[in-house]
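Enquirer: Quick one: the structure is below, and I'll ask about it shortly.
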Amino acid sequence: MPRRAGSGQLPLPRGWEEARDYDGKVFYIDHNTRRTSWIDPRDRLTKPLSFADCVGDELPWGWEAGFDPQIGAYYIDHINKTTQIEDPRKQWRGEQEKMLKDYLSVAQDALRTQKELYHVKEQRLALALDEYVRLNDAYKEKSSSHTSLFSGSSSSTKYDPDILKAEISTTQLRVKKLKRELSHMKQELLYKQQGFETLQQIDEKMSGGQSGYELNEAKAILTELKSIRKAISSGEKEKQDLMQSLAKLQERFHLDQNMGSSEPDLRSSPVNSHLSLSRQTLDAGSQTSISGDIGVRSRSNLAEKVRLSLQYEEAKRSMANLKIELSKLDGEAWPGALDIEKEKLMLINEKEELLKELQFITPQKRSQEELERLEAERQHLEEELMAARGSPSRALTERLKLEEKRKELLQKLEETTKLTTSLYSQLQSLSSSTLSMSSGSSLGSLASSRGSLNTSSRGSLNSLSSSELYYSSQGDQMDTDYQYKLDFLLQEKGGYIPSGPITTIHENEVVKSPSQPGQSGLCGVGVTASSHTTPLTEASKSVASLSSRSSLSSLSPPGSPLVLDSVFPGSSHDTSPHQFPTDFEDCELSRRFADVGLGENQALLDSDSGGASQPLLEDKGLSDCPGELLCEGATDVEKSLPKRRGLHLRGDKTTRVSAAASDESVAGDSGVYEASMKQPGEMEDVPYSEEDVTIVETAQVQIGLRYDTKSSSFMVIIAQLRNLHAFSIPHSSKVYFRVALLPSSADVSCLFRTKVHPPTESVLYNDVFRVAVSQAALQQKTLRVDLCSASKHRREECLAGTQISLADLPFSNEIFMLWYNLLPSKQMPCKKNEDGNEEPGARSQQPMLDPIDLDAVSALLARTSAELLAVEQELAQEEEEEELRPERRGPGRDCLTMLREASDEPAALRESGVPLAEGSRCTEDPKPCPRGPETSQCRKEPAEDPGQLPSGLPTLVDKETNTDEVVDSNMAVRPKDRSSLSSRQHPFVRNSVIVRSQTFSPGERSQYICRLNRSDSDSSTLAKKSLFVRNSTERRSLRVKRAVCQPTLRRTAQECPVRTSLDLELDLQASLTRQSRLNDELQALRGLRQKLEELKAQGETDLPPGVLEDERFQKLLKQAEKQAEQTKEEQKQDLNAERLMRQVSKDVCRLREQSQKEPRQVQSFREKIAYFTRAKISIPSLPADDV
């Protein structure tokens, strides 16, 4: 019956009646038409008729919101009698479709790039196979003739037996490697093509506003998703079983190899029974929740619990700080977009490799048509590379560096989560009354069920949309060789700039250059790259002191030994500063000395330059190299070269000294010229004469050597060549270096070639080659570096070379950049006459030491000293002017951050001469400031142009006497608030830091005002807020404040992300894709197990060579062995750590959303889309047949 109007309600129209369904839902009966309706007929008069008329969260007439326990919120259109899971008031679905279409264009470009990369590798493989056959034929011919072209009568060493053997083995390894890479890329291309086609189908299916899923369809999809998840779970269990069987097979191979006998059944062997018994014992121990020896040894030890509790709290703080740092990093526009840029860089590099291989093909026994075809292909490649070099990429370089930093932080975060999980399990095993793991005491609660891999029993969309499927793709790493190449491209010239020469690394044998702070880049700089890095969250351990007792009080600038009056008395006063430029132009150092500039810490003549020498700035062509490379890798002064230094002056008239204090160092080793400051007790060292023209005419090459003990890899850097005019080379020819590690090995790439360059006075190469060799084998080898020229007829002619004995190579993970003389090929001695501690370059130097002119050197040093004194006086005047008009400096940032940000303008920094104090690991000039009182001028040298002075230069203070953060002197900050300022810069750090006495702190302090306030009764400093006012809003209790904040937090926690039909379709297709790829992995594992079982049945005791040579197979077998040896407790800890890592990743996304950098739902949707085209193959296919 019609309701009576009352309480402001409109009455129902005539003939209408309100009724209730069996479940209590209200519906309306129209007796006039004898029909029922869910729509209140009065809503036509009270509700908006369209979405355009809606205000706030209103729904128009005919729409109703419902809730399903399995789906969640859904919406009913009573007019059209349809349901949908998208909110019709939101525009999110349209934004999703737009993002999907945008990503399809990006993915299509990436697919095209990788297909082209695959095609280039195919060309390289075909060329390498042909070259391998021809080299084998040439070797057979030369072996039968018993003649060697490596003699003093011939300069052509194309078919020298040693070089030919190395080239054959290198080509053979190149063929094997290209086959493995092509097999891997083929599978990866297939996955990406399938993912791209899947996204296209989703776009066609879900485009348009009326293509969403209804309620019943969504429930059917959920049911299908559950079944797929069960299949994936069973597949993962089968994968674990296959991995364990692989571990057992590998163990059997190792046992047979060590014992020399084959065991038919591993389970019957006593060794295996012992292993099984030990594992059972560990499993029994894990059932009692005792983790390791700590729980058994100190179950009731209170001190142990306190120690673990402190470590646990410290790990949580570290994890929170890492989350903050990750959230502050700017994310890329699309997940995987940076991978596309990397592949474009690698495509350029592969084309360079192909071009180089086309230039060095064997012309013998080739038809004229084939030679013309190869020449046309070579010219086409050159044109493509010239076009690629014209695009700027500084922004790309910054993005790549940012990505490297993100990877470092993610790795640290993963290690911290594992440590946190381990400490928590140990605390649990000690006592049941240990720390609580509730969300209130831990930012990443292990007890939280969010982000779990297990699906909720209700099967809600929240569980289905978790990062289970998409999380696994984030931790996949790039191929090792690709990563090595990319890191070197980043480090070359401070970032990859295609407008300059593009670096080529032969045969993918490049080494990963250090990218962490405190390590050196590979731009040919003469630095020592230490393997020890400083964590990103830690500041520099030592900065310049501002106290009066500081070493900065000296007048001598750093790196300028010529100012020492005790060594050169009166020399600085004999020469007028105005006469210096004229006299300076006459000397051989010429303008190169002036080009370096006095603002770069006077780095030309330093007695202790081994820690970070400066050969890059010696050449005019290298002075344009961006400065960020130079600031990234400078190491401490203490980490100097153990035997010799690599700093060399432009003029080639430097002294040869020994850098070590003991008699172990070899003076003049390998023809190395070194610039160093002369101490009073070292005057017996003989400098070179200014008139010795033979030194200037000697061609020299700068070579860097390093052995990485972690990866057992030997790295050779061909940095630069100078004084090429010593050889008469036609302009039509091109020069390059050929590097050979002799005697050659069949299983190691031993021959490499740099890219070719036209003959100029100085040539910059910056090529890096990597050889996987053990220390013992490396000490038995000799490095041979030949300077070769190639004419249009592809005739390889060896002009000069040098040989370096590796018997005394220090294995310290540091790069040693040294200059070597290039002896003409007719004068180069045979390697049989080498001495272990003396190299041919060193012996060739001995006759050059006879003509000595000490007066010329003294005059040069005197003029330089006078110039430095004049510059000091000018700088002192400029400093006085700067003190009268001080510039505002930014709040305290550490030295590392400031110089990294300022590296984008290397020219300005070169002129400003901003130094670092003793022990600092980063400076624009790679040579650190030496210790001692002569370093005061390091911070007193302003820029030559004050207008170019970078803003925000930090105030350097002594960390040993001051524990406060450096703040702006003009910034009104109370001393009591310094801790809070520090907490804003480093969040989640306790504010209760014990600050030592400020009595001996350097620098001026702001006025200390003492005032006692009731609102701040525990302090005696100036109040930041207004004085105490009773009953004011700010004085409300914490209980009231918590009550106000709790509803907001609760709503945020309960707020579910908006789900659309597109999200549901992506989840379904991602599950199907994951299941398909898992089946491929299982098939590959079954094939590998079958192959190993067949080899075992045939009596083989060693693993196949293809498995041993492939790093991916080695990684797979190590992972299988690790999983087989894990106990149940360790497996549980790994699962907890993975769950915690997933929760931490959600926290990072939430923090990014709070900082308004990127909405969380946008991040999640982009990850879903990128999952389909980011195929990472963890199980490689079976290796190809060997050559």
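Every residue, even glycine, has its Cβ placed from backbone N, Cα and C.
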Enquirer: From the ranges 30-49, 830-849, pick the one that Swiss-Prot records as region 'Disordered'.
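Expert: Going through 30-49, 830-849 one by one, Swiss-Prot flags 830-849 as region 'Disordered'.
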Enquirer: Could you check Swiss-Prot and say which of Thr198, Thr999, Thr1052 is marked as phosphothreonine?
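Expert: Record annotation (Swiss-Prot, phosphothreonine): Thr999.
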Enquirer: Which residue does Swiss-Prot record as phosphoserine, given the choices Ser286, Ser531, Ser951?
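Expert: Swiss-Prot records phosphoserine at Ser286.
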Enquirer: With respect to Swiss-Prot, which of the residues Ser144, Ser460, Ser572, Ser1017 bears the note phosphoserine?
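Expert: Annotated as phosphoserine in Swiss-Prot: Ser1017.
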Enquirer: To which of the residue ranges 59-91, 224-256, 587-619, 1148-1180 does Swiss-Prot assign the term coiled coil?
Expert: 224-256
Enquirer: Need the matching range: Swiss-Prot marks region 'Disordered' on one of 438-464, 1086-1112, and I'd like to know which.
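Expert: In Swiss-Prot, residues 438-464 carry the label region 'Disordered'.
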Enquirer: What is the number of residues in the domain 'C2' (697-820) that are helix, strand and coil, as DSSP sees it?
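Expert: Helix, strand, coil within the domain 'C2' (697-820): 7 helix, 67 strand, 50 coil.
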Enquirer: Take every residue in the coiled coil (1063-1143), average their pLDDT values, and give the whole-number result.
Expert: 83
